[in-house]
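These notes concern the structure reproduced below.
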Amino acid sequence: MRVKGIRKNYQHLWRWGTMLLGILMICSAAEQLWVTVYYGVPVWKEAATTLFCASDAKAYDTEVHNVWATHACVPTDPNPQEVVLENVTEKFNMWKNNMVEQMHEDIISLWDQSLKPCVKLTPLCVTLNCIDWGNDTSPNATNTTSSGGEKMEKGEMKNCSFNITTSIRDKVQKEHALFYKHDVVPINNSTKDNIKNDNSTRYRLISCNTSVITQACPKISFEPIPIHYCAPAGFAIIKCNDKKFNGTGPCTNVSTVQCTHGIKPVVSTQLLLNGSLAEEEVVIRSENFTDNAKTIIVQLKEPVVINCTRPSKTTRRRIHIGPGRAFYTTKQIAGDLRQAHCNINRARWNATLKQIVGKLRKQFVNKTIVFNRSSGGDPEIVMHSFNCGGEFFYCNSTQLFNSTWLSNSTWNDTEGSNNTGGNDTITLPCRIKQIINMWQEVGKAMYAPPIEGQIRCSSNITGLLLTRDGGDNQNETETFRPGGGNMRDNWRSELYKYKVVKIELLGVAPTKAKRRVVQREKRAVGIGAVFLGFLGAAGSTMGASMTLTVQARLLLSGIVQQQNNLLRAIEGQQHLLQLTVWGIKQLQARILAVERYLKDQQLLGIWGCSGKLICTTAVPWNASWSNKSLEEIWDNMTWMEWEREIDNYTSLIYTLIEESQNQQEKNEQELLGLDKWASLWNWFTITNWLWYIRIFIMIVGGLVGLRIVFTVLSIVNRVRQGYSPLSFQTRLPAPRGPDRPEGIEEEGGDRDRDRSGQLVDGLLAIIWVDLRSLCLFSYHRLRDLLLIVTRIVELLGRRGWEALKYWWNLLQYWSQELKNSAVSLFNAIAIAVAEGTDRVLKILQRAFRAILHIPTRIRQGLERALL
């Protein structure tokens with residue numbers, strides 16, 4: 001009875017255990033997540049890539065060659081697309097922007113390339129015999145008018161004669177040319193006082209001892225033309241639209257564009273010309289306001305117009321300085337001989353300074369703001385230098401930066417209008433230089449040929465470059481001076497709100513969908529989603545931003561469009577048989593875009609996801625990558641946030657997907673070996689029938705061989721027993737009728753089982769009998785073997801079950817014995833402890849009583865002693 005109860009309880013426990021295991025398997029299968037690949041997700045990362053240019057084809061004169069080579073740029077998009085990214089915050093840093101470095105290198109390359117075919121003026125590095133060319137020698141001199149500008153000083157121009165090689169190398173002739181006095185330096189041994197008095201006559205060009213002077217080509221133009229920097233396919237430009245953005249930190253109003261706005265590459269110092277304006281108020285930007293070595297870039301809200309002019313009319317002539325080379329110099333200066341100058345409205349300038357001071361006071365609280373002139377250095381830094389109509393002006397900006405602003409917002413102009421033509425206009429005296437130290441690098445100089453006629457240009461001052469004096473912080477005055485010279489700050493003032501990002505079209509995320517492995521059926525791709533635009537859903541949650549096809553299509557279409565633009569640009573310059581900087585950048589951008597596209601497609605192909613936007617995999621999602629639930633991921637996170645979370649595990653996930661796909665391909669290859677069994681119709685093909693015939697012949701041959709072997713063995717066995725083999729000609733007894741049972745007269749009924757078979761006639765009959773006997777033999781042997789195995793398994797199962805029951809009963813018995821022993825031991829210990837405790841308590845009780853009886857014993861002793 002006890003054994004039966006144990007068996008029933010065991011079966012009950014087995015049933016419940018099976019149910020619990022099934023429930024656990026179902027729950028584990030329901031919660032299992034799998035990696036899913038998405039192509040076209042709105043995710044980007046900061047990158048430094050090759051940008052190409054776009055320019056308006058009608059923005060320049062086709063007759064002249066502008067130094068910016070914008071004819072090699074692609075045409076601007078008449079309808080540029082700008083997609084606002086909702087709920088997106090992006091970090092910018094204008095001081096560490098690769099776009100600035102790239103533009104700087106591009107402008108340097110353009111200048112170098114434009115001057116490369118031009119004439120080197122090395123033959124002019126000879127001794128010049130010069131005399132002053134003053135305005136008193138010209139009969140056409142006029143007086144200074146009220147429009148501003150001082151009369152040209154005597155000695156401002158030098159009339160120099162020199163010996164030069166003609167078109168015939170061994171022939172030298174004497175020529176003369178006019179140079180500005182700041183373009184030549186004396187080379188005699190006169191003292192400094194003589195040089196100061198300017199009474200020397202022997203000169204040389206200023207840069208002959210340090211630089212190679214290159215004359216700008218005659219038809220070259222330095223007029224700035226807006227250049228749009230564009231990102232290649234697979235990349236994008238992120239733009240910050242915050243109106244008070246200081247250039248660093250997070251920006252909440254973000255959009256994506258393919259090209260920047262038109263940036264005019266104006267090469268100037270101190271003042272930023274013809275740039276972009278602030279929208280709401282003046283903005284000052286600096287990498288660190290507390291570091292006086294850092295330049296402060298000021299962006300104005302409203303422009304200040306500066307009108308510059310060279311009043312005199314100039315003509316030029318050409319001097320041959322060798323075979324195929326010519327030097328252009330000033331032939332005659334006529335008309336108004338006033339000095340070149342620039343005019344600025346005083347009230348407008350003072351109002352601008354007041355706005356700038358208000359912004360500076362937020363950084364330098366309770367300080368007196370002082371604007372002072374440049375502290376010294378190269379002429380390009382000390383003066384406001386820029387290009388006006390092809391001539392390089394160097395203007396004294398002291399009158400612009402010569403004021404003190406007290407903490408109560410009052411100001412004091414230290415010079416006032418003493419040096420101006422009136423109270424309403426600030427006139428800056430300018431001088432013109434023809435030999436320019438190249439701002440790109442040391443050791444190069446350029447000679448700008450004189451421009452004929454009068455020169456007038458009007459520009460907008462849109463920003464300033466300031467530096468702050470260092471010193472004791474206890475000083476209550478902060479002095480700011482005009483700066484510049486590093487053209488990166490000029491480009492940075494326009495590119496501060498842009499950054500280049502690389503679009504990461506591939507994304508992985510967990511889903512409940514698992515790839516059906518070893519499935520060769522092709523399914524069409526369909527997505528019921530609304531396409532919001534390129535990266536337009538970057539701020540939406542992962543479940544709501546199903547804009548995958550937009551990025552995928554625009555990437556390929558962008559490559560094709562860029563290729564067409566490149567071919568059009570190359571076609572326009574094919575007569576030159578060379579590419580400009582922009583053409584090379586076009587090629588680089590094209591190759592880069594194709595490489596990125598092919599790389600993504602290669603990964604998709606390796607993962608078995610070619611042509612799919614959503615691709616499930618057989619890779620289980622590891623909770624160590626991210627333990628968030630599906631609801632937290634798909635309903636609350638954007639793709640950008642999700643990408644940042646799993647960025648450290650992306651390469652590992654990619655590797656696992658590749659390994660899983662490789663394993664699946666191996667499984668498919670093995671399955672193809674069994675694929676011919678998938679259709680029964682293939683069994684009836686002629687190829688299979690030939691195999692069937694071959695197999696049949698082999699089987700028949702094997703049976704015949706076995707028959708022969710068995711026959712020989714039977715004969716040998718019977719011979720050994722004393723029998724002789726019967727002749728094959730022995731006839732069988734005639735079969736009897738149904739009314740006569742076989743056997744002898746004494747015997748009746750059916751035939752007993754004979755030990756030997758019948759002898760038959762004919763090949764087919766023999767084959768049939770042999771085949772039948774072989775099949776029966778095989779069947780009997782297999783049946784016996786199966787019965788033996790079944791008996792053994794049954795016996796082992798019964799013995800095993802009995803052994804298990806025995807061990808279970810034995811375990812229960814010894815468990816009960818151990819339990820009883822433990823209880824007995826516990827009881828014995830408890831009894832022993834109780835007895836010991838009683839003895840201790842009795843001893844303590846007796847001792848206590850003895851102590852209590854001590855006074856009584858003392859009293860009794862005293863009583864006995866007294867008696």
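Any Cβ shown, glycine's included, is placed from N, Cα and C.
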According to Swiss-Prot, region 'V5' applies to one of these ranges: 241-249, 475-483. Which one is it? 475-483
CYS125 pairs with which of CYS53, CYS73, CYS160, CYS208 in a disulfide, per Swiss-Prot? CYS208
Going by Swiss-Prot, tell me which one of CYS457, CYS609 is disulfide-bonded to CYS615. CYS609
Check each of the ranges 374-384, 484-494, 660-670 against Swiss-Prot and return the one annotated as region 'CD4-binding loop'. 374-384
Can you tell which of CYS342, CYS395, CYS430, CYS457 is bonded to CYS388 by a disulfide, based on Swiss-Prot? CYS457
Taking only the residues in the coiled coil (644-678), give me the average pLDDT of this model. 81
Run through the region 'V5' (473-483) and tell me, per DSSP, how many residues are helix, strand and coil. 0 helix, 6 strand, 5 coil
Whole-Å Cα distance, ASN209 (N-linked glycosylation site) to ASN350 (N-linked glycosylation site), is 43
Would you kindly list the residues that approach the coiled coil (644-678) from elsewhere in its chain, counting only those six or more residues past its ends and only Cβ-Cβ distances under 8 Å? 35, 37, 508, 515, 517-518, 520, 603, 606-608, 617-619, 625-626, 637
Restricting the comparison to the glycosylation sites ASN366, ASN372, ASN622, ASN627, ASN636, which residue's C-alpha is spatially nearest the C-alpha of CYS775 (S-palmitoyl cysteine)? ASN622
Within 10 A of the CB of CYS775 (S-palmitoyl cysteine), the number of other CB atoms across every chain shown is 11
Check the glycosylation sites ASN350, ASN366, ASN460, ASN636, ASN648 for other C-beta atoms within 10 angstroms of each C-beta and report the one with the most. ASN460
Using a 10 Å cut-off on CB atoms, tell me which of the glycosylation sites ASN372, ASN622, ASN627 is the least crowded. ASN627
